[in-house]
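Visitor: Here it is: the structure, laid out below.
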Amino acid sequence: MKIATWNVNSIRSRQAQVIDWLQRTQVDVLCLQETKVVDAQFPRSLFEELGYYLYISGQKSYNGVAIFSRKPATDVSMGFAAVLDTAQVGDLDEQKRVISATVDGVRIVNLYVPNGASVNSEKYDYKLRWLKILRDYLHSILEEQSHELCVCGDFNIALEDRDIHNPKGKEKHIMASPVERQALQSVLDLGLGDAFRKFTKEGGNFSWWDYRTRAFRGNRGWRIDHIYLTPNLYNQAISCTIDIEPRKLDKPSDHSPVIVNL
DNA sequence: ATGGCGTTCCTTGAACGA
């Protein structure tokens, strides 16, 4: 079973590239982030014609997540409030960043973690608050359900220095500051393993490159898109790769897809 | 470098991303 995650930076702008990629890779499940479209305007038909079932949670202009699956999924849920008390979730479901579904006994959680703007900004506080609730959310799922978990998406955090082309100044940099790294680590301490790092130890492997500085040409990237697995799935994993081919195309997303083969 | 690029919107520049 192949599961992929890809921040497409607008599904309407990237539709043709995603179609081509699905035809080439034939993944069983594709988790998308930053679809940037309300559900009623999501371009469903070409993906459905390819044989995928679509589960989407979008909003106007910003954020938005989706799960495409070759097999029908069960127990599809949107947002933290599907699991946690609404009082605890507060305003955190207003931005569409969480969708979950079960495929072939695997509970897939697809996340678009807030970017955080800059360290110690209001949005940074929101990111940390969001990661705290994410921990509670995953903790509840692990306690109350017996599913194996695949937690994937755009985390907007490079956990280690080898995940950044140049870690100089990282303490003050969004996506690498110690507090947000610790917040993610605390989520992973629930018992999740990084599928990519099971197979690849070297630095220089990235999933995002800034549009603005021709960063891709010099491979000045960050590894911020992740696939995390509970122990049994982690042990089962056969491969986990980042496909940089779509990043080479004209008008690409700034992120590349990550694929795990279970 | 409050910089560079790309996407969205009741657009004509601003907000946001990372």
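Numbers run from 1 along the shown chain.
Quick reminder: no glycine exception, Cβ is built from N, Cα and C everywhere.
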Visitor: Quick check on the annotation: TrEMBL has A:N7, A:D154, A:N156, A:D254, A:H255 binding Mg(2+), so which of A:E34, A:E48, A:E49, A:E122 does it put in that site too?
Guide: A:E34
Visitor: On a count of neighbouring CB atoms within 10 A, which of the recorded positions A:E34, A:D154 is highest?
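Guide: Counting Cβ neighbours within 10 Å, the top one is A:D154.
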Visitor: Which recorded positions from the set A:E34, A:Y112, A:D254, A:H255 come within 10 angstroms of A:D154 (active site, proton donor/acceptor), judged by C-alpha positions?
Guide: A:E34, A:Y112, A:H255
Visitor: Sorry to bug you, but what's the C-alpha spacing from A:N156 (Mg(2+) binding site) to A:Y112 (active site), rounded to the closest Å?
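Guide: That separation, Cα to Cα, works out to 8 Å.
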Visitor: Using a 10 Å cut-off on CB atoms, tell me which of the recorded positions A:D225, A:D254 is the least crowded.
Guide: A:D254
